[in-house]
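According to TrEMBL, the protein carries these features:
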DOMAIN    69-370  domain 'SAM-dependent MTase RsmB/NOP-type'
BINDING   C169, A170, A171, P172, G173, G174, K175, D192, D223, D241  S-adenosyl-L-methionine binding site
ACT_SITE  C297  active site, nucleophile
Amino acid sequence: RHRHKEKWATTAPRIPATRLALHHFDTSYSLHLGALWPSVRAGLLCEQKYGALLNNFAAADHVPQELELLNATDFISEASQKVQEWQRLVAAGEVARGCQEGSETSPLLSASISSKIKCYTFPRGDITRFRPARPDALGLLDYYLMDAASLLPVLALSVQPGDFVLDLCAAPGGKTLALLQTGFCGHLAANDVSVSRTKRLYQILQSYVPREVRDTVSVTSYDGRDWDQVKGGTFNKVLVDVPCTTDRHSAMEEDNNIFHKRRTKERQMLPMLQLQLLMAGILAAKPGGGEVVYSTCSLSPLQNECVVERALDIAGAQFDISIHVEDLSHFRMLFQDTFSFLSDCRLGELVLPHLTANFGPMYFCKLRRM
């Protein structure tokens with residue numbers, strides 16, 4: 001007689017998107033990464049480490065010295081020195097030519113980082129923060145703070161003098177800026193479907209790049225999936241840095257989190273979107289040697305290797321395009337002092353967050369259109 005009905009809230013309690021993301025990661029990445037996952041998880045949940053990408057267009061000759069006094073080093077020139085030392089040993093016959101990283105890979109190594117890109121990082125375990133960027137006399141900022149692992153796809157692209165380059169999903173602009181720092185882009189097409197994010201890209205170009213270099217960049221807001229209808233088969237190099245689950249952001253920030261309940265459908269459709277963008281990138285590359293780098297900031301094989309494998313199938317079956325997957329394993333050897341890599345990625349390379357080197361996640365894979 002005195003039974004009462006529990007009151008039900010009109011809406012279910014809102015579970016934070018960050019908690020939904022972590023639950024999803026715990027379920028899928030513990031399977032994918034096994035014993036590595038607890039350490040990677042700890043890295044994702046701790047403060048991210050940054051690199052300072054030097055702005056070659058600014059009058060900032062004092063900056064390298066200033067950063068070196070703080071014990072930061074340019075991880076890219078360190079890798080170049082490794083290559084030179086390696087080649088010296090090969091030339092002197094101190095390294096057997098037939099060994100696994102023998103003479104065949106040495107030209108590849110030098111090509112992969114013969115770069116004017118300079119990025120300073122603090123050593124492993126050193127969590128010093130960089131000061132904010134400062135303007136030079138002309139108002140150009142001296143460096144750009146970014147996840148240093150984001151430079152690896154740009155280095156993998158290995159832009160050569162006069163290359164026509166497409167950055168298909170360019171905003172907010174860190175990788176676009178890095179592509180310009182090579183000084184090699186004959187023309188750079190920077191595209192992003194989001195008009196508001198393209199504004200951020202314009203701001204970065206204004207803050208870092210002089211007008212005469214900005215004039216070699218065309219910024220557009222097409223849907224990247226339709227790019228081949230705009231300019232198919234014309235680019236020497238194509239960067240396809242796709243929208244993804246942005247694992248670090250999703251684990252840490254409620255704002256603009258793709259794990260919000262209302263974005264479930266969008267999240268589930270990501271691998272399809274990524275595949276369409278990668279296919280557009282492949283079709284935009286020149287036949288007979290155009291190169292494409294596909295990248296994400298996710299640990300998910302469904303957004304990484306699986307998307308690449310599917311694209312290879314479709315390129316062959318539907319377009320009769322033969323694609324060669326480039327071996328990037330030398331990146332692991334060159335940059336192991338700075339980043340923590342997954343040692344057995346099926347295709348491409350994956351930087352794992354790690355407490356002593358808390359960059360990434362960053363997946364990248366290089367394809368050549370034959």
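Cβ coordinates are placed from backbone N, Cα and C, and glycine is handled just like the others.
Those TrEMBL annotations? Automatic predictions, nothing curated.
In sequence order, N191, D192, V193, G224, V240, D241, V242, P243, L277 are the residues near C169 (S-adenosyl-L-methionine binding site), counting only same-chain partners six or more apart with C-beta under 8 A. All protein chains considered, the CB of A171 (S-adenosyl-L-methionine binding site) has 25 other CB atoms within 10 Å. The Cβ of C297 (active site, nucleophile) has 23 other Cβ atoms within 10 Å, all protein chains considered. In sequence order, A190, R200, L201, Q203, I204, L205 are the residues of the chain that are 6 or more apart from G173 (S-adenosyl-L-methionine binding site) and have a CB within less than 8 Å of its CB. Taking every pair among C169, A170, A171, P172, G173, G174, K175, D192, D223, D241, the residues listed as contacting S-adenosyl-L-methionine, the largest Cα to Cα separation comes to 20 Å. Recorded residues the residue listed as 'active site, nucleophile' and D223 (S-adenosyl-L-methionine binding site) have their alpha carbons 20 Å apart, per Cα-Cα distance.
Taking a C-beta cut-off of under 8 Å and a sequence gap of six or more, D223 (S-adenosyl-L-methionine binding site) has these contacts in its own chain: V193.
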